[in-house]
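S.K.: Have a look at the structure that comes next, please.
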């Protein structure tokens, strides 16, 4: 083998090792972010919802601070119901589309996929309707 071939092979192996250390993004959460963008017509970036109030983002406790935070609490509860049904809501892929008046679930036959898609579509539509108060971003320390 030529030295140049060895260098290319080594570079590929190092790249693969680096990529293997990147944790995979749950597919459903990626789809959920697309649904949010569809519902709000791109008016607010998805990351604005990742650490909002007491329930938007990872975990949730205390009393929701406003309507948007209640949307997140309802979404968390919906995922909890999905888990009780034996579904894995953060990992399930489903079929949806973005119409002029917002996101919709396509004709989904599998119960778990349909349930989770409905959770996400309803939350995305709720986010789009609720006012966003930037004072409620990054306040988890106030949530009990």
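Cβ coordinates come from backbone N, Cα and C, glycine included.
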S.K.: For the Ca(2+) site that Swiss-Prot assigns to 55, 57, 59, which of 66, 76 is also named?
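M.R.: Between 66, 76, Swiss-Prot records just one in the Ca(2+) site with 55, 57, 59, namely 76.
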S.K.: Compute the C-alpha separation of residue 56 (disulfide bond) from residue 75 (active site), stating it in Å without decimals.
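M.R.: Roughly 9 Å, rounded to the nearest whole number.
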S.K.: Does DSSP put residue 143 (disulfide bond) in a helix, in a strand, or in coil?
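M.R.: In the DSSP reduction, residue 143 (disulfide bond) maps to coil.
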S.K.: If you take the centroid of the Cβ atoms of 55, 57, 59, 76, the listed Ca(2+) site, which other residues of that chain have their Cβ within 8 Å of it?
M.R.: 54, 56, 58, 60, 72, 73
S.K.: Are there binding-site residues among 55, 57, 59 that sit within 10 Å of residue 71 (disulfide bond), Cα to Cα? If so, list them; otherwise say none.
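M.R.: If one measures from the Cα of residue 71 (disulfide bond), the binding-site residues that come within 10 Å are 55.
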